[in-house]
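Visitor: Dropping the structure in here first, questions after.
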Amino acid sequence: MRHFTRIQDVGPEGVETILAQAAAWKSQKPGAIFQSRILGMVFFNPSLRTRTSFEAVMLRSGGHAIVLDVGNGVWKLEDRPGAVMNADRAEHIKEAAPVLSRLVDMLGVRTFSAGGGDEEDELDPVINAFRRHVTVPLVSMESAREHPCQGLADVLTLRETFGTTKKLPVTLTWAPHIKPLPKAVPNSFLLSAAAAGCEVRVAHPPGFELHPQVRAEAEAYAKATGGSVTYTHDQDEALAGSRAVYAKSWGPATRAGHAPGDVAALMASYAGWMPTRKAMSRAAKDAIFLHCLPVRRNVEVSDEVLDHPSSRVIDEAENRFHVQRSLLHWLQST
Ligand SMILES: NCCC[C@H](NC(=O)CCC(=O)O)C(=O)O
Ligand SMILES: NC(=O)OP(=O)(O)O
């Protein structure tokens, strides 16, 4: 049985297979490939695109989706092994995952970082608790470490624009925000772009490094695909000649010793990292702008960048549908 909670579950080869099918089915609709199939979706956090795109995939392919919002009409779920459940979490994932598995054909879970730090995010406790206890294919709808469906949609968008991603220079740039956001999206863009053979440049202020294990994994993909990954604290240097600019905010590498106010102040001190047209003008003439959304306008990215014709953020969101249709089919096919 296959699961997809991280890019490592499919590797560069699987990325190619899933994206090729997604591209083919985008132009030639496959029909009722999920006839009478049910996708269960468990949300610990809010969503607009993920919820709608997965549900649309199932409905448009002859299947059905059941959406559960944890803590809102659904029991709060415990993930910790051996927990004494004397607080507000009434049900353990040890029961919830196998019960749902008896009732649906595939299960999706969204569970953001709990803010316990980078090492905890690497362990990805909630999605991995599901992974241990499901008996149907499990798909990540964003967890603490990765948002792999987003990564696939990002690469499909690059391919549609440029034809190929082989050695394509792309920049993943840190962007400002009012609070420290999770690293799942930057991790996934880095991993997916490296797996697709891009020349990935990562720009962030000092102290916002991505986890060494994520970087090592990206390095291995780049080595295997003829791509490359480099890091800089100089946004302009990264942007020079880039064909795509991917903006995303994320929190500092470690919050140890930072009071919440200090982190906000630290992030505010880098307000100048917000992509503007001036920054975009350093990129290649045909450069596109990407962001996973939702985006806080004029904090994270300026209006002029989001409203410029070079922005592909809406296409990128639509591509979630196409990659997920292909992915769910791939998960079901063994
Ligand atoms: N699924 C796409 C991004 C989700 C999440 N963003 C957020 O939580 C934004 C919240 C805000 O702007 O208040 C993140 O960065 O991982
Ligand atoms: N990009 C993305 O996952 O959006 P949602 O959080 O709205 O699902």
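Heads up, residue numbers simply count up from 1 along the chain you see.
Heads up, the Cβ atoms here are built off N, Cα and C, so glycines get one too.
Take a look at what TrEMBL says about it:
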- Ser47, Leu48, Arg49, Thr50, Trp75, Arg110, His147, Pro148, Cys149, Gln150, Cys292, Leu293, Arg320: carbamoyl phosphate binding site (BINDING)
- Glu142, His177, Lys248, Arg296: N(2)-succinyl-L-ornithine binding site (BINDING)
- 2-160: domain 'Aspartate/ornithine carbamoyltransferase carbamoyl-P binding' (DOMAIN)
- 185-331: domain 'Aspartate/ornithine carbamoyltransferase Asp/Orn-binding' (DOMAIN)
Visitor: Considering each pair of residues in Ser47, Leu48, Arg49, Thr50, Trp75, Arg110, His147, Pro148, Cys149, Gln150, Cys292, Leu293, Arg320, all listed as binding carbamoyl phosphate, report the largest CA to CA distance in Å, no decimals.
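Guide: Largest pairwise Cα separation, rounded: 29 Å.
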Visitor: When you measure from the Cβ of His177 (N(2)-succinyl-L-ornithine binding site), how many other Cβ atoms are you left with inside 10 Å?
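Guide: Other Cβ atoms found within 10 Å: 21.
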Visitor: Quick one: give me the count of other CB atoms within 10 A of the CB of Cys292 (carbamoyl phosphate binding site).
Guide: 25
Visitor: Find the one among the binding-site residues Arg49, Trp75, His147, Cys292, Arg320 whose C-alpha lies closest to that of His177 (N(2)-succinyl-L-ornithine binding site).
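Guide: Going through Arg49, Trp75, His147, Cys292, Arg320 one by one, the Cα closest to that of His177 (N(2)-succinyl-L-ornithine binding site) is Cys292.
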Visitor: Provide, as an integer number of angstrom, the distance between the C-alpha atoms of Arg49 (carbamoyl phosphate binding site) and Glu142 (N(2)-succinyl-L-ornithine binding site).
Guide: 12
Visitor: Just to confirm: which same-chain residues, 6+ apart in sequence, have a Cβ under 8 Å from the Cβ of Glu142 (N(2)-succinyl-L-ornithine binding site)?
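Guide: For Glu142 (N(2)-succinyl-L-ornithine binding site), the qualifying residues are Asn45, Ser47, Thr50, Arg110, Thr111, Phe112, Cys149, Gln150, Ala184, Val185.
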Visitor: Determine the minimum-neighbour residue: among Arg49, His147, Arg296, Arg320, listed as binding-site residues, which Cβ has the fewest other Cβ atoms within 10 angstroms?
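Guide: Minimum Cβ neighbour count within 10 Å, taken over the binding-site residues Arg49, His147, Arg296, Arg320, occurs at Arg296.
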Visitor: Are there residues of the same chain, six or more positions away from Lys248 (N(2)-succinyl-L-ornithine binding site), whose CB falls under 8 angstroms from its CB, and which are they?
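Guide: Leu172, Thr173, Trp174, Ala175, Leu181, Val185, Pro186, Phe189, His291, Cys292 - these are the non-local Cβ neighbours of Lys248 (N(2)-succinyl-L-ornithine binding site), listed in sequence order.
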